[in-house]
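The structure appears below as C-alpha cells.
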Amino acid sequence: MRLTIEKISKTFKDKQAVTTFSAELTEGVYALLGPNGAGKTTLMRMLADIMKPSSGRILLDDKDISLMGDHYRDILGYLPQEFGLYKNFNAIRFLSYFASLKGLDKEKAKTRVEEVLKLVNLQKDRKRKLRTYSGGMKRRLGIAQALLNDPKILIVDEPTAGLDPQERVRFRNLLSEIAGDRIVLLSTHIVTDIEYIAKEVLLMRQGELIQRSTIEKLLESVEEKVWKCSVEQGALSQLQKSYKVGNIQRAESGIEIRIVSDVKPMPNALSVSPTLEDVYLYFFEKEAEENV
Amino acid sequence: MKIKMNRFNQTDETDIDELDDSFDEKEYEALEQELTHYLVKFPDENKIDATVDTLRQYVPDRTTKSVSIRERSFALIKRAKTEVTIVSKTYWIASTFLFFIGYLIANQTNTDPILTLIFLAPLPFIFGLSEVFKGREHGLFEMELACKFSAHEIILSRLFLIGIYNLTLNTVLTLVLSPVTGKPLIEMILTWFTPFTFFVAIGLWLSMKFKGQIFVTTLLSLWLVFIVIFVINNHWMVAFLNIHYILHLVFLTAGFLLVGLQLIQFTKKYQTFEGGTRVEINY
Amino acid sequence: MYKQECYKIFTRKSLYFAFLLFVLFMVILPGGSTPIIQTDEYQTLYEEWRGPLSRTEIDLANQKLEELQNRIDQEMEQTEDLEVVFPPQSIEEQAAFRVYSSVASIGRYIDSFQQRKEDLQEATRGSTTTAYESEEARLELNMLNELGQPFGFYNTTAWGNTVDFINVFAFIILTILIVLGLSPVFADEHSQKSISLIRSTKHGKRKIVTTKILASCTYIVSLFVTLHIINVALEVRKFGALMDGTVPLQNLFLFIQSPFSLTIWQYYAIALGIQFFASLVIGLLVLFLSIVTRNGMLTFFISGAVIGTPFLFRQLGIDQPFIQYVTQFSYAELMRVKGLFDQFVAFPLFDQPVLYPVLLISTFLLVAILTMYLIYHQYKNQQIMN
C-alpha cells in the first residue's frame, strides 16, 4: 500500500496553508512535526478527504482518492484535533452510530465496539452519558471511533493532547502495536510522543515539508551541534539572543543551559548527545522567534 | 493552689504519667474540695477589649453581598455602559430596523397599529437574550466567572441594557403611532406592556433551561403562534383591546412579579459554576 | 445509523415543550359552535329541513324568515331600547331564525351558482373574450356541470372546523415545528464539532444524508399524525361526531365557490395528503438551508422568511401582479391547501388552461426533486474549514 501526496497546495482567502507538499508514505508510523500554524491540520484534513486541495492530488496505490470516494474512506480512520461528541449519547450509542456510518454490519459492529472500548480502556464507562466524560476520556473515545473500522490508513491529529502520562504511554503502545500493516500519520508538537514509535518524521514549516527522515538520521544531523554549558545569570540573556537555547536548569554552580548551534558557543561548552527536542529546536527555533 | 492550677494547664503526656503515680486519694479529695469552692472572677473590661482586638484580625471581612442595593444597581448601570460595545452592532441595527418596518406596516396598511405594536414589543428582547448569553454559548462562562464582575453581574447588566433599549424602542413607536390610533397614550402603553412582561418572564425562564439557539427560536415560535391565534380569534382580540385598565394593571403586576422571580433565580443560578453548567443543553 | 439520527431529533426537549404549548393553545381556544345548535329545538327543525332543498322549500323559508324578522322589528320598536339589538326570544324562535336564515342563504348560493353558469356559457361563445379566456371558461363550465347542484342544508360546523384547522393552525404549527425541529439536523454537526468525524467515514458523504432525510421524514410523519389526531379528537369532543361528511364540499362555507366535485371527506383526505406533501417539501428546504448555512439559528430565520414573507404580503394586502404570483406559488400556499380548492383558478400553459392545484403541485414536485439533488450535491462538496 502506498499513499502518494503529489504537490498538494491549499490556499484560503488570505493564507497559503499548505504549499506544494509532496511525500510518499508506506506502511508504518509517520510523525508530522511542526510548530502551531505550520499547516499540519490542513494537510491532514485533505488526507482525510474532508477538504479538497487547491491543487495537486493524493493517490492511494496510484488511484486518486477524490475519485475513490467512499472506497477510500472505508479504509480510513481519522481523529481530528478538535471534535465534539453528542453529549446525551453514551459511549455505546456513539460508537454504534459511527460503526454504521463506517458501514460495519450490525453483528460486526457490536463486537467491534466492545473491542475498541477495551483498547482505549473505557469499558467501565461505556453506559455513561458523554457529558459526564472528562477531557481525556473524550479523546480516548475519539481514538476508539477512529479505530472502529480497522482502518488501513489512520490519521490522527494531535491525539495525545489532554491525555495524562499513563494514557499517553498506552496510546503510544497501541499505535505501534497496530501499525504493522497500515499507514499511520500522526501530528504532534510533543516530541516524546513519537520518539519510540515513528518510522519517519516529516518536519513541516509554513506549509512546506522541510525535512523528512528517520529519527536516527535526524538525530545524526544535529550531532555535534548540541552543547551543554554552565553560565552566569547575567550572561544568559545575551546567549539567548545569539543562540538557540533549550533547557535552562539551575544548578549549584550557576545555570546549566543547553544550546543548539553549529559552532561551539563558548570554550567551556561540552558536546552532548542530541535528543528529538534538540532537533525540533534546531529546525523550528526561528519560527518561534518570529511568532514572538 | 496556683501552682497546682499551672500544672494542670501545662499537662502533657509525661505529666499525666507523673500524675498517675503521685496521686493518692487524699490529695484528690482536697482538690475536689478546692474546686467546688473555687470562684471564677469576671475579667475586667480592658482584658476583654484586648482579647476582642486580638481576635478581630481573624474575623472574615464583610462580603460584597452586603453592599447596599443602591450601590450595586449603580455599578450595574455603569457596567452596562461598557457592555454596549460588546453587544453586537447587528443587534442594535436589526432591532431598530425591525421597528422601522413596524412603523411602515402600521402606518401604510390596514392592520391595527396596536396589534403591530403588541407583536413587535418583545422581539428585541428575545433577540437580545442571545446576546446576553454570548459568553455562555461561546464557552467563556468559566472565564467570566473568574473576573471581577462575575458572570451574573455581566448578565444582569446586559439584561438591563437590552431591556432599556427595548422599552425605548417601544415607547418611541407608541408615541409615533399615537396620532394614528387616536387612543390615549397610557392605554396604548398598557396594551403592549402586559404581554411584554409575560413574555420576558417566559424568555428568562427558557433561557435558563435551554442553550442559546434553541431558546431564541423556541421563544420566537411561541410568540408567533400566540400572535396568529390572537389575530384569528377576533373575539379574543376585541376582548383584550377593550379590557378595563384596572384589569390591565393587575395583569401587569403579575407580569412584573414573574419577571422579578426569574431575575432572582437568575442571580442565584449564575453565581456558581455548577449553576451555570446545569443549563439544559440538547445534544 | 437511522436510529441514532432519530434519537438526535426526538430527544430535544424544546420541541416537546413547544408542541405541548401549541396543543394547549388549541385546547383553550374557544369553539366556533354557538350553543343554539346543541338545543333539541334546533335539532328537530334541522332534521325536518336537512338535505337538498327545492325551490318551494327555499321560498317557504324566506317567507318564514320575513315573518320572524317583522316580529323582531315590532318588538324592538316597542322596547325602544337600542342597546338590545337582538331582543331575548324563546329558544324556539332563535332556532327557527337560524335554520331559516341558513336555508335562505343557501337559496342565494344556488341562484348565484346558476348565474355563474350562465355567465360562463356566455364567455365560452367567445364574442367578447380572447381564445384563451373562452377556453378557460369552458373548462370551468365543464367542472361546474359535472358538479350538478351541490347545495343543501346540512350542519357542517364540525367538518368545517376540522377542515379549517388545516389551513390555519395545522399550517402554522406544523411549519414552525418542522423548521424548529429540522434546522439543527445538519447545522448542529458543525456546532457540535462532530462534522469532521462524520465526513471522514465511509458513509459520511452520501448515506448519512439519506439517513438524515429519513429521520427528518419520520419526525414529520409523527408530528403530522399526532397533530391531526389531536385536532380530530378535540373537534369530536366539542361537537360530537363528525356528521355529513358525504355531502359535496360546497356545503362548507369556505368552499362555496369551489368548482371541484368532491365530498367533504374526500376533500379532507386530499387536503391531508397535500399538506403532508407540503410538510415534506418544507422539510427538505430546511435541511438544505441547514447544510448551506451551517447554523441552526440562521436556518430558522431564513426558512421562516422564505415561508412567511408571501403569507405576510397576503395578510397585509399587498397585491401587485408579480407579488401575487409569488404568493400563489409559495410554500405557504401549498401548505395551507385551502387556496388550491376554494375557487376556480387556472393558468395558461402553452395556451391551454391548467388548473392551479395541478400546476402548483407539479411545481413543488420539481422543487422537491431539485432540493433533494442540491442537498446531496451541496453536502458532498462541502469542505470543513475550521
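Cβ atoms here come from the backbone N, Cα and C positions, even for glycine.
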Range among C:30-57, C:58-85, C:114-141 that TrEMBL annotates as coiled coil: C:58-85
Dominant neighbour of the transmembrane segment (C:208-230) in C:165-187, C:267-289, C:296-313, C:354-376, by Cβ pairs under 8 Å: C:165-187
The transmembrane segment (C:354-376) in contact with the transmembrane segment (C:267-289), cutoff 8 A, at least 3 CB pairs, sep 6+: yes
Arithmetic mean of per-residue pLDDT over the coiled coil (C:58-85): 70
